[in-house]
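Encoded as structure tokens, the structure appears first; notes follow it.
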Amino acid sequence: MATIHVDGKELEVDGADNLLQACLSLGLDIPYFCWHPALGSVGACRQCAVKQYTDENDKRGRIVMSCMTPATDGSWISIDDEEAKVFRASVVEWLMTNHPHDCPVCEEGGHCHLQDMTVMTGHNERRYRFTKRTHQNQDLGPFISHEMNRCIACYRCVRFYKDYAGGTDLGVFGAHDNVYFGRVEDGTLESEFSGNLTEVCPTGVFTDKTHSERYNRKWDMQFSPSICHGCSSGCNISPGERYGELRRIENRFNGSVNQYFLCDRGRFGYGYVNRKDRPRQPLLANGAKLSLDQALDKAAELLRGRNIVGIGSPRASLESNYALRELVGAEHFYSGIEAGELERIRLVLQVLKDSPLPVPNMRDIEDHDAVFVLGEDLTQTAARMALALRQSVKGKAEDMADAMRVQPWLDAAVKNIGQHALNPLFIASLAETKLDDVAEECVHAAPDDLARIGFAVAHALDASAPAVDGLDSEAAALAQRIADALLAAKRPLIIAGTSLGSKALIEAAANIAKALKLREKNGSISLIVPEANSLGLAMLGGESVDAALQAVIDGSADAIVVLENDLYTRTDKAKVDAALNAAKVLIVADHQKTATTDRAHLVLPAASFAEGDGTLVSQEGRAQRFFQVFDPQYLDASILVHEGWRWLHALRATLLDQPIDWTQLDHVTAAVASSSPQLAAIVDAAPSASFRIKGLKLAREPLRYSGRTAMRADISVHEPRTSQDNDTAFSFSMEGYSGSTEPRSQVPFAWSPGWNSPQAWNKFQDEVGGHLRAGDPGTRLIESQGDHLSWFASVPRAFNPAPGTWQVVPFHHLFGSEENSSKAAPVQERIPAAYVSLAKSEADRLGVNDGALLSLNVAGQTLRLPLRINEELGAGLVALPAGLAGIPPAIFGKTVDGLQEAAQ
């Protein structure tokens with residue numbers, strides 16, 4: 001710690017910070033533009049000027065940039081010095097000379113850091129009367145709008161996009177006061193993190209195009225704290241609603257998880273919530289709509305006297321899955337996950353519980369100094385983790401700078417010192433990945449061969465680990481280099497997962513973790529699972545969807561209740577058809593129209609994450625609560641959407657002729673927690689419904705929320721009472737606490753007086769860029785309890801397919817491989833057409849060129865797909881895009897026994 005003096009006040013700060021960060025952490029206001037907590041300091045904008053004095057006797061002082069000045073012990077500075085204030089006001093005035101002053105029509109208005117800083121400096125009069133510089137805007141794709149005339153040349157966009165996220169297609173062109181931030185030519189931004197430009201940019205240059213179509217100001221939206229359902233990373237989000245529609249998603253700061261950034265799937269994939277074809281009333285097979293009571297009575301009538309199986313879902317909350325389990329009985333509850341995938345997820349859970357190495361949170365990943373990624377294409381399967389890995393490899397430059405006594409926040413200096421030095425990252429994958437550019441070495445091979453390399457690394461680390469027979473010398477040498485790098489590191493990290501359908505990859509990663517612990521290395525292990533609640537569902541229990549379908553086919557059950565799951569995306573279509581044909585009753589509770597709801601005798605309209613509350617467990621083992629954003633019935637009483645757990649508990653009560661005893665979320669969450677010691681801590685994931693600040697509930701709406709009395713005027717001039725939320729500590733209103741002074745971990749939207757942009761998160765943190773003052777949201781359910789793992793000894797044989805056969809492997813796509821986000825119109829523009837991928841050597845052997853139409857026979861099906869030649873894919877492999885339309889879900893791992901150019 002260091003003692004500094006600010007305008008005569010003696011204050012304690014972190015001496016490792018710069019003055020800007022230190023003062024902001026104290027709650028003092030200094031305007032800034034180019035600095036960002038995640039990007040460090042470059043001193044480009046000159047906006048954060050303060051007066052620095054030699055000591056208490058110095059009356060003259062000198063102007064310094066606070067972001068470039070360390071907060072050394074004994075520093076004397078002034079923020080309120082008149083010369084410093086005039087300097088800051090003049091900087092804003094210079095920046096505004098070419099700004100269009102178009103706040104009333106700018107989509108950033110009311111959400112704009114430039115507005116906040118202009119007001120903060122007191123600049124309120126335009127003196128510039130000359131021609132303004134203008135630019136041509138670019139079409140940057142379906143996610144981002146571009147308005148270059150608003151640019152103040154802070155350089156934040158390129159520093160994030162290129163330096164932080166590793167993007168290559170956004171740059172800065174020109175010189176002096178005529179610079180241009182964009183692409184060489186119009187075109188979709190290629191980075192999977194491009195959406196963060198909308199929050200990183202302090203002005204309205206980059207704005208959310210998906211929000212533009214149905215735009216409203218930030219102060220006119222209703223928000224809630226929520227969790228992204230796009231993958232298993234558990235990123236925190238702030239969804240905003242107006243008129244019963246989800247309008248945009250912003251990043252919600254969680255210092256242990258996503259911090260300031262999201263991937264584009266999580267930010268722009270919300271459109272499925274607004275789809276017109278969603279079930280919003282209970283529906284019979286003939287299309288007849290039912291009231292709530294009629295639906296419950298009909299469901300009970302259909303199920304009475306039946307042998308029921310319940311099929312849950314890894315995209316549904318723990319509460320909803322538990323309610324289904326209570327309805328049908330634990331022995332008749334099935335997870336809704338394909339058998340092989342469920343086996344792998346259970347293995348992940350076992351390894352994480354028994355591993356001698358801890359599971360890192362997302363932020364912690366950035367602090368590891370050697371990483372081995374085994375089998376995962378992280379940018380496509382856990383994109384936010386890939387972004388964290390990019391920061392981990394940069395730790396080498398920070399170490400070099402530290403040796404030269406250069407502070408890590410001096411971004412340009414650290415880059416100059418480090419040049420191209422990176423911490424070692426090794427990637428073993430099917431083919432090239434978006435992280436290959438920062439990897440020390442990459443190897444591309446079949447899943448079994450990748451696993452063999454992993455087992456060999458474990459054996460190289462510790463000779464007691466199972467050896468790999470018949471490993472070629474090149475692979476053995478690579479395994480030794482990886483082992484040496486992991487041993488040389490202070491904090492090595494192993495990452496694997498389920499995406500390639502290989503248990504052996506997970507087992508190899510577990511062996512490496514055990515070997516590292518035996519070598520007394522302070523490392524970590526992280527394992528990726530497919531969906532938002534895959535790990536939570538594995539903790540809850542239940543057999544595979546295949547077992548459920550087989551029970552119906554065999555006649556042991558004749559009724560199926562499906563929760564938020566499209567069975568046709570899980571397993572073989574013929575098997576699903578056979579089970580649904582055999583079932584006398586099919587009831588589906590879902591928020592989407594799917595092939596399964598099309599077969600249902602009764603559809604119960606379930607709530608999406610925006611309309612309901614629940615708990616998810618991320619791949620880290622962090623239980624986190626998502627909260628209802630809006631009440632759809634407030635604007636349309638005919639909508640009968642309810643959380644899955646409400647429908648299923650009410651149905652159970654109707655069947656048993658009992659009263660409903662889960663009347664609020666806390667009741668069902670407590671029931672889930674009491675059902676298993678492993679889930680006992682989920683009650684601590686968020687405050688209960690009784691939580692208050694100064695006697696107030698927490699406001700979902702900003703204080704300036706307008707138009708509430710007019711929103712239903714077309715229905716009735718009599719304004720109804722706002723919806724009452726008995727489930728949570730939040731109110732569907734601006735009435736309630738919305739400030740930043742009282743600590744709270746669940747923050748619907750970031751706002752503080754004078755701070756309307758996302759930079760307002762500064763006011764909620766213990767120190768800027770640190771953690772929330774009340775603690776980061778969520779609670780960990782998995783902590784390392786010592787080494788309880790035995791060596792996994794089933795090393796697979798080397799991949800050697802029979803002549804004329806190929807193994808089907810999955811290529812995952814951030815846009816397209818996840819079911820719900822793929823229903824969002826902007827995301828659909830980024831989804832590739834279905835294809836088949838082969839190695840160049842295989843294409844040459846078949847005599848086909850890129851783009852040729854191929855016919856392949858696999859698992860009794862014939863597919864006709866265009867060819868994409870992949871130079872890095874191994875021989876004997878056929879890669880298909882997982883999750884895309886036209887690609888059967890049960891095809892991966894199967895053998896292709898007929899592959900040829902299709903007859904036109």
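Every residue, even glycine, has its Cβ placed from backbone N, Cα and C.
Taken straight from Swiss-Prot:
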DOMAIN    1-83  domain '2Fe-2S ferredoxin-type'
BINDING   Cys34, Cys45, Cys48, Cys67  [2Fe-2S] cluster binding site
DOMAIN    83-122  domain '4Fe-4S His(Cys)3-ligated-type'
BINDING   His99, Cys103, Cys106, Cys112  [4Fe-4S] cluster 1 binding site
BINDING   Cys151, Cys154, Cys157, Cys201  [4Fe-4S] cluster 2 binding site
DOMAIN    221-277  domain '4Fe-4S Mo/W bis-MGD-type'
BINDING   Cys228, Cys231, Cys235, Cys263  [4Fe-4S] cluster 3 binding site
Point to revise | Cys201 ([4Fe-4S] cluster 2 binding site) versus Cys231 ([4Fe-4S] cluster 3 binding site) - Cα distance in angstrom | key: 26
**Study point:** Cβ-Cβ under 8 Å with the domain '4Fe-4S His(Cys)3-ligated-type' (83-122): same-chain residues at least 6 beyond its ends
**Key:** 29, 31-33, 45-51, 63, 128, 132-133, 145, 147, 149-150, 152-153, 177, 202-204, 207-208, 211-212, 215, 217-219, 754-759
Exercise for review: Mind checking which of Cys45, Cys112, Cys201 has the fewest other CB atoms within 10 A of its CB? They're the binding-site residues.
Suggested key: Cys112
**Study point:** Listed binding-site residues Cys34, Cys45, Cys48, Cys67, Cys228, filtered to Cα within 10 Å of Cys154 ([4Fe-4S] cluster 2 binding site)
**Key:** Cys34, Cys45
Revision key, fill the gap. Spacing of the two Cα atoms, Cys34 ([2Fe-2S] cluster binding site) and His99 ([4Fe-4S] cluster 1 binding site), in whole angstrom, works out to 17
**Study point:** Proximal residue to Cys201 ([4Fe-4S] cluster 2 binding site) among binding-site residues Cys67, Cys103, Cys228 (C-alpha distance)
**Key:** Cys103
Revision key, fill the gap. Here the 10 Å Cβ neighbour count for Cys151 ([4Fe-4S] cluster 2 binding site) comes out at 25
Check your understanding: Given the binding-site residues Cys157, Cys228, Cys263, which one's Cβ is surrounded by the fewest other Cβ atoms within 10 Å?
Key -> Cys157
Practice item. Specify the nearest of the binding-site residues Cys67, Cys151, Cys157, Cys235, Cys263 to His99 ([4Fe-4S] cluster 1 binding site), where nearness means the distance between Cα atoms. Key: Cys151
**Study point:** Cys157 ([4Fe-4S] cluster 2 binding site): secondary structure state under DSSP, collapsed to three categories
**Key:** helix
Review point. Tell me, how many other CB atoms lie within 10 A of the CB of Cys235 ([4Fe-4S] cluster 3 binding site), whichever protein chain they belong to?
Key: 28
Check your understanding: How big is the gap, in Å, between the Cα of Cys112 ([4Fe-4S] cluster 1 binding site) and that of Cys151 ([4Fe-4S] cluster 2 binding site), rounded to a whole number?
Key -> 12
Revision key, fill the gap. Cα-Cα, Cys235 ([4Fe-4S] cluster 3 binding site) versus Cys67 ([2Fe-2S] cluster binding site), nearest Å, comes out at 29
